[in-house]
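Report on the following structure.
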């Protein structure tokens, strides 16, 4: 019993017991200063203190009396309540502190109302730990306010470094019926560790990390840390521009990264510098980070989050992460983070059973547990839980300026029976399996995000056929901006992983995606999920030896970049990581010392630059008008060809043709339908030697003739590289291509716009916008491959059928921009492109098997020799074997390949110099290049040559030329392979194929070594 002389209005014993037992809902009604007729009663709870004095303004101190062994002190101070401090003695040490129980609540009635309604969109401003400063007559007081939602708790205390983790001195008060517990503790500064000690209804105390903590200890430590941001943002220009963007009509090429294994040992700021440089080198527009919210187990990759409002402390502080995002924004790159609102781990110190009850998780395990991952599922039907998650999405966008959220495992949220056997799940109110509460949450989240932050994107990882994932919420959809195209990913990887001889039997896997490509706004993901758990890396999935793996991976990536949808590529995929990814080690950067892996990396950089410079690839990604098939039916040849349509910045239509040869053999003189005649520039060829390819191509451009093909008014004859992809764009106003008839060459690299080129000044790629008129490169500097034998025109393939193509409709009227070639018609017997009408023809040196040499007069058709063969036609290569079912006219060119190996292949068996070569300076004759020759050379433009090197800067020494002003070349035909052997990229044994897809595939081989 407390004496009335010490405390004239003592609390009753039961109140004291509840206070000391931690079960009092309003400790402020007992502790602190309370007016009385005799003055002011002051009560203080200091369990380990020896003495406590009340120090009033002026420095006078009055002692309080210990009234309970637990450390409760009480006394009467004369006069009304006034500003005061406490002098607390612990042995020889005296601390001057402020009283936590003399302050008003830090949350207002409006805040509490919005929390109760589940509509507080800035929840992080009122819950959690916040450093605050108050001015008083005796001076300013700085401390930290703590607030936590625990509606069923009997009592809550805050404990930490400031009380020696005793957990006794700072009981919190509950604010009305809101379930929010609050306390302002003076003297607590940023960097202080803390937790909440919560008494559940079961009578058990639990130490819990703050669900709203902004900062945490480095795992495995689990305490929350008081944090106050001091970062000054410098990305105003980026943020203003972002608000005006329409992500669906802009380029988006995403590099997915796990920070811990990308560059191990670096912090957020070091990673930002490295990342900005690398993204600029590679041409990506965005980086997507595997979850950065704090998680205790590194092996979860961040997908088992315990602190949803705190960036992981493994790489630095929250301000360090702000600096990371700010730095990337200032260098022109967007930042997307993975966000995991579907489930959370069972760790006892985190969200699970937070106040002793199923608070954040659903109480029924048939809805509240995720059996696949051993985690708990959020109760999406509870308003406060939805508010916690919606506000968390806004928090990352507002406080860290991130540009998008990729929402993990959406399918597990949408279906009540996800990974649950019959009888282990509860149906919804209508008896269905749809989780209506999760649907409402996702709609609310997306609508709120887009309303508050225009220009950002939300992306769903949704693996089912749920309708309307990217449909607006007001039309009944979930409201996401994009959805991962998991069907495309599975089908494409399955197809690409097969040996080319079997791909024709699975041709529909490559065409089926276009049946639904515009039903949603898609992202094409080659993500971390596809390079783990025994699936192998992208490189390991490709068939064949190292050279073939490289070729097939390059073809896969170029096809992916041209396919409708935005792109996402996981770290290591850009250079052909050989091992499966592991979070515990770095990706294998040393592989870049291998030319094949370095070539894949070079290709990805050029893909990104060409992609960004080509509006046809991204302005109409999500509408059928942005795509049309050229030929979807060449299953026997493993060839796919299509057009991408878009508009440029001035609203003019643009177009790109993509031709993908997924067979292991080159296709000589392969005719492809095009929307109009004229010159089409080869802006990308995955078989260029600079990428590690064999150098089969089209001298950088082709001339489309007014010959109907594939149901289109014009067509061009192409040389398709083995396991290679070509991108072609029209050149408005350009003249016909000057070339040696029938020759094939290494590809030119992708062009880029000035902005992309400025980001990577060392790349040396010509800054020519795609679709603009460029100076003609000196294509004679490229290495020609062997020529096809004389052949008749192919029989036109049938029009596109219902294999997944969009309705072609009317083609954009681009004829006004791209003039039809005025080149004269070539003789029917000439295999190869049309003869040129400008410039001069280079003299062609025949090999011993080819006969005489000579040249044609400038501007004239080549004259035939005594045998009737035009001078510019190289000697025919030996006729290859035909395949059963092939058109006889095509059999000679489309059958088993004779593919030239690149000179730097370690297993090359052919002698050096075999095949077509560029004359050495000693072999070249004639004066220097004519200064009036139109257009820079390949070296001046910086485009890749067949030798695998980029050209030098303008002004560098040029290759030798002959008397006619052209580069001197030497033609030589490689010997055919020995009997009974296959060439480098042979498809294997000839399979019985026809123009139609075969009814039954031959047995496929077992697992490869």
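Using N, Cα and C of the backbone, Cβ positions are placed for all residues, glycine too.
Nobody curates TrEMBL annotations by hand; they come from automatic prediction.
These features come from TrEMBL:
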type     : residues  : note
ACT_SITE : 408       : active site, nucleophile
ACT_SITE : 461       : active site, proton donor
COMPBIAS : 823-872   : compositional bias 'Low complexity'
COMPBIAS : 968-996   : compositional bias 'Low complexity'
COMPBIAS : 1000-1009 : compositional bias 'Pro residues'
DOMAIN   : 256-597   : domain 'Glycosyl hydrolase family 13 catalytic'
REGION   : 783-1009  : region 'Disordered'
Task: Neighbourhood of the residue listed as 'active site, proton donor' by C-beta distance under 8 A, where only residues 6 or more apart in the same chain count - done: 406, 407, 408, 409, 410, 411, 484, 486, 525
TODO: Based on DSSP, name the secondary structure state of residue 461 (active site, proton donor): helix, strand or coil.
DONE: coil
TODO: Determine, from DSSP, whether residue 408 (active site, nucleophile) sits in helix, strand or coil.
DONE: coil
Open item on the list: Validating a neighbour-count step here. Other CB atoms within 10 A of the CB of residue 408 (active site, nucleophile): how many?
Closed with: 21
